There are 2 protein chains.
Amino acid sequence: MASFGRWNSLSYAPPASPSAPSLPGRSQNSGPHESSPYPEQLHSSYSRVFPAARPDYYYIQPSFPPGTDLDVIRAFHMVDRDRSGFIDENELRQALCTGYQRFNPRTIRLLMFLFRNPSDPLRVGPKEFAALWSCLKQWRGIFERFDRDRSGKIDLGELRDALYSLGYAVPPSVLQVLISRYDDGSCQRVELNFDSFIECGMILKGLTEKFKEKDKDYTGSATVSYDVFLSMTIPFLVSYN
Amino acid sequence: MASFGRWNSLSYAPPASPSAPSLPGRSQNSGPHESSPYPEQLHSSYSRVFPAARPDYYYIQPSFPPGTDLDVIRAFHMVDRDRSGFIDENELRQALCTGYQRFNPRTIRLLMFLFRNPSDPLRVGPKEFAALWSCLKQWRGIFERFDRDRSGKIDLGELRDALYSLGYAVPPSVLQVLISRYDDGSCQRVELNFDSFIECGMILKGLTEKFKEKDKDYTGSATVSYDVFLSMTIPFLVSYN
């Protein structure tokens, strides 16, 4: 069996607190580069898409976890266009796709699947939205931090380092397979934009969480029956394509 | 851990010989019903799409395993439109989609992934094509056998029995998730056509083979490291969507 290798102690460790990297605006972890290659629009797209909510947005009082950032609550009310108190796939797509950022429908579906409400698997509730939003903010900060050449894309090495900083020590062979889906056959080095970075990261996040459920002591290995193996993987596979 | 339950001894046993159910024409295992509800065109679609090959089709001599059915060799030469000696995704789609049978592009991609040539992952060689073709013939026979009400579709119970006859003892909860992707929200009982049946079956086949690689003694459980778990699942997930 393969081991966790040199990153053993950090493999699938809980990601850092969402509050660690900051977004929008400059990331606190943005590395040695002081100036950013990202247009200001990109940095501030979250706050511009979701301006301060007016009091009359409080059509339904969704129940957010105590201490939820006001920006997240504000964003929720903006995204929840049908005022149902839940976010559906269409609402999430409209919220994430701006003039400055495209998101593949596959990525949106993956986010919906990973952050779905247990009692309503087709929608995201306030609690799940808070987690999703914080996660995206965090990953945006990480993306900007590890895009060392400020190209707006990250390559295989930058992806490896970025995922490692998030607590995922992924074997190079797996990363190679993961990144291969973005190879357009042009023989150029594969690079990921933020959308693809999120997709790769979320695939790893989803599978890692499934594995952790079976490795509660963090031994790095798990014994699973055939039934359990199918139950761990099929929902992920079926819901995300 | 969940066990294999009452189907323990048969769980992920090697599928029956491809020659067991016959296709085209009446299945040898077609159950108590003597007459078929399927139009004759559907039964004979394989042979009509791939008429007897002429000698001049032998542009390249693909290397088939000894004993390969002549029908399979004939089909290969018909499907290999660019005469490359390999079958690509487009060729397979054109071959499988006839006037009587549609195949979702997702299913075609899944078949390409599961039967891909190890040295050329985007194409299927003669050996892999023989396995793919035999598999489809076998599963067509099983589908017809378990479509007991001759509706041209099979429901959850029929799917369970069909998969069991192929050696896959799938927990009901997993089957429910698997079949849920075909729920169109109409509140009607979910039923699968042949295309969807193949997709469900191939998902199970792919995951089961991955698991068997780690459970060579057929104990029903496997111990895997985090790295191995990712390596087992990510290629499947990434290549098939």
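Note: Cβ is positioned from N, Cα and C throughout, glycine not excepted.
Feature annotation from TrEMBL assigns region 'Disordered' to B:1-41.
Per TrEMBL, compositional bias 'Low complexity' is recorded for B:9-24.
In this model, the domain 'EF-hand' (B:67-102) carries an average pLDDT of 87. Look at TrEMBL and you will find B:67-102 (among others) tagged as domain 'EF-hand'.
Annotated domain 'EF-hand' per TrEMBL: B:134-169 (among others), in sequence order.
Secondary structure of the domain 'EF-hand' (B:134-169) per DSSP, as helix, strand and coil residue counts: 23 helix, 1 strand, 12 coil. Secondary structure by DSSP for the domain 'EF-hand' (B:67-102): 18 helix, 2 strand, 16 coil.
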